[in-house]
Amino acid sequence: MAKDTSFGKRSSEKPQKVDGISKSVAFASVLLVAEALLVSLIIYFVPYTKIDWDAYMSQVTGFLDGERDYMNLKGDTGPLVYPAGFLYVYSAIKFVTAGQVFPAQILFGALYIVNLAVVLLIYQKTELPWWTLVLLCLSKRVHSIFMLRLFNDCVAMALLHAALALLLYQKWHSALIVFSAAVSVKMNVLLFAPPLLLLMLKALSIKGILSTLSCAALIQVLLGLPFLLSHPMSYISRAFNLGRVFIHFWSVNFKFVPEDIFTSKEFACSLLVIHLTLLLVFSHFKWCKNEGGLLNLMRSRVHDATSKLSNIHQFTSCKPRVHILHKQHIATVMFVGNFIGIICARSLHYQFYSWYFFSLPYLLWKTPFPTIIRMLLFAGVELCWNVYPSSSCSSLLLLFIHIIILWGLWISPIEHPYVGEESHSKG
């Protein structure tokens, strides 16, 4: 079977059209209609599963009753551990639904369709083969996460995908604002932060980077202001706790690791080191190959910054430089960077599948594997996520598949990042 190794050839070809509409656009439209019907059937006929909804409503009720101390905002599953954006979103949901599950399911069904539409737009811009879009609709687990569980992961990832779509249109300030809003709902979005920062280094001047980061920081301050003014330490320690230890039983990815090792600081630190190492290796040898490596890119940006900062008037008055990045390169760096974080996460719970499922077809088609292998890998990931409870075998298989995909991404052709500039290196 012939290998379909890259997007490069497709990007120079005009999409096949049927009556003036590209096949991918027509197929995406059909998928959205079919998914809307499926979502309706799921909501009406599949029983809702109670997990976190009551806890969310309890936490929101405390907030609406005037409580501003995060230590006192709790639910039946434990204390509130999400930033302030979560409270605003679910307060609005409670207002619209009166705290009832069925209307909330309808809202999340609509959110699922909107999120899918945004993801399909991203795939349109990165030119995946049109027929592979159907893979985005084939996850039993993801449908369950949205319509039958009502997790805040759904809201966070919908905002993240919106931010990514804005990045594809080079709307950096708007993208960072939406990205920050996504972080305020759930901090898993921070897995996208390292690749996002790298893209900013490649595309923006120091002035542009400072400006966009300031917008993102301002959103966090404004959303957290009621808590920062009253109980700042309580808010920061609870909402931005990066050292949480998850329960071994619920781990989908490292169930095969003995519990005493799983909960140890040594295991957590080892995964963090692997995570950072993989990010650095991919950044230096893959994503920054065109610039001569990560160190060379950073050196050039430092030189640019120091030369302009030496003249404050020049720094404040100059127009920010913007390099236009290829949409495919943006999507690759963001999706692969997040995927590396997924592989190195100490614990993946079932709702965490939504953190990377919508990037799976893209990641698989970035590898040089034959199509049949890609399809088997996709099916294998979905199978592992539908084993309940997870087992040592299922978690080990999931890790094995993840590593195969990452290897495929490593050996894939290197993309040229910039629009309108000739590549100085061959992929």
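The count begins at 1 with the first shown residue.
Keep in mind that glycine also has a Cβ here, set from the backbone N, Cα and C atoms.
Residues annotated as transmembrane segment in TrEMBL: 21-46 (among others).
The transmembrane segment annotation in TrEMBL covers 104-123 (among others). Among residues of the same chain six or more beyond the transmembrane segment (104-123), those with a C-beta under 8 A of the stretch's C-beta atoms are 24, 28, 31-32, 35-36, 39-40, 42-43, 48, 53, 93, 96-97, 133, 136-137, 143, 146-148, 150, 154-155, 157-158, 161-162, 164-165, 168, 331, 358, 361-362.
The transmembrane segment annotation in TrEMBL covers 150-169 (among others).
Annotation comment: TrEMBL describes 175-201 (among others) as transmembrane segment.
According to TrEMBL, the feature transmembrane segment maps to 208-229 (among others).
Per TrEMBL, the feature transmembrane segment maps to 329-349 (among others).
Only residues 6 or more beyond the boundaries of the transmembrane segment (369-388), in the same chain, are considered here, and those with a CB under 8 A from a CB of the stretch are 1-4, 135, 138-141, 252, 350, 353, 360-361, 394-395, 397-398, 401-402, 404-405, 408. Feature annotation from TrEMBL assigns transmembrane segment to 369-388 (among others).
The annotation transmembrane segment is assigned in TrEMBL to 395-414 (among others). Long-range neighbours of the transmembrane segment (395-414) within the same chain, counting only residues 6 or more positions beyond its ends whose Cβ lies under 8 Å from a Cβ of the stretch, are 5-6, 8, 251-256, 278, 282, 286, 289-290, 336, 339-340, 342-343, 363-364, 366-369, 377, 380-381, 383-385, 425-427.
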